[in-house]
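One structure is given here, and the rest of the page talks about it.
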Amino acid sequence: MTSSRPAEAPRTRGWQIGTLAGAPVVVTAGWLLISAVLVVVIGPWLQRRLGLGIEAYAWALTVPLLLFVSVLAHELAHGLAAGARGIRAREYVITLWGGHTSFGTGLRSPADSAIVSVAGPAANVLLAGIGWAAGTMTAGLPGLAVLAFTYTNAFVAVFNLLPALPMDGGKLLEAAVWAVGKDRLRGTLVAGRAGQVLAITVVVVSLGQPLLDGRRPSLTTAIWAVVVGVVLWNGAHAAVRHAKAQLGARGLDLRTMAAPVVAVDASATVAELDALAAGGGTRAVLTSQSRPVALVSAEAWHAVPAPVRASTSVTAVAAALPAVAVITELQGPAAVARVARAAQAGATVVVLLDPARGPVGVVPVAEVVRHLGG
């Protein structure tokens, strides 16, 4: 699988085991966990079926090792294909559910996305072919290991090419819709919906087919069906949410959801603020050299006793604003990005600033999130 992350994003937590094509290879704790589970499950099976002793566990260890080779080859293929398109791979990560490749910049065109996406499954097809050729010349336990390697790579290639996110085939579907409609987000939405359908289908078919045959699905089948279905659903749902949020951002104008605001110099008193607010404005901001620096608490403002309003500084009823909570980008994705930065800094509201007119409104961050469908 592939993903795009900003260059300044932190590295994935795990153990760096090397570098390939200039990008670190990171193994997460999840991969070590699934490797241990495979050895514990396959070792006793080999002992029962083939009458092996403790050496069964050594042979069982070859399964996660060969799987590691398959996953790493898949991810490296993504990275090399991206490099051929002028896009640098940032890191290769081996995880509980396989792996992913992150890039420092996004895929710029439908062709970029399609080529990078198909490279991973193509690598698995190549490995399956090599395994099949080697299997015809290998017998015994080594032959069994090669056979498992061959079928695993073939399955990974086919499954990853299913036209649904978060699979690589979903990226291909996204690229196709992007190329035809000239809109990547619409492609993401279509492929994400397909991923949700796939997730439901996996669970329904895995549990329903045995029932149609008059059998009860095994506990192992039920567990794996649900786990795989949940993983697929979460990936697809995240893609759908992202696409819907970005599509919603295109038509966003923060001024349409802003509460009226009055600006008052930080040296003013509450009484002076009262006079300014009489002309309209439900919120107030303090300014210093025409830039908002604090937000007045409406509750504290109205709670000041009348006899002391003329002597109480507005700073006594205001809280400092983080600099990132004052934004000048008022429309579209740029505005959403600024609101997101303000939220990350702990701001619950943002102040809209028109360079020519000064503060023009206050918008709760939660209102923006609701607008974007979050």
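Placement of Cβ uses the backbone N, Cα and C atoms for every residue, glycine included.
According to TrEMBL, the protein has these features:
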| type | residues | note |
| --- | --- | --- |
| TRANSMEM | 20-45 | transmembrane segment |
| TRANSMEM | 57-81 | transmembrane segment |
| DOMAIN | 65-140 | domain 'Peptidase M50' |
| TRANSMEM | 114-135 | transmembrane segment |
| TRANSMEM | 141-162 | transmembrane segment |
| DOMAIN | 148-185 | domain 'Peptidase M50' |
| TRANSMEM | 190-209 | transmembrane segment |
| TRANSMEM | 221-240 | transmembrane segment |
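Listed by sequence, the residues of this chain that lie at least six past the ends of the transmembrane segment (221-240) yet keep a Cβ under 8 A from its Cβ atoms are 97, 164-166, 170, 188-189, 191-196, 198-200, 202-203, 206-207, 210. Each residue of the domain 'Peptidase M50' (65-140) gets a DSSP state, and the totals for helix, strand and coil are 47 helix, 13 strand, 16 coil. The average pLDDT for the domain 'Peptidase M50' (65-140) in the predicted structure is 92. Secondary structure of the domain 'Peptidase M50' (148-185) per DSSP (helix as H, G, I; strand as E, B; remaining residues coil): 29 helix, 0 strand, 9 coil.
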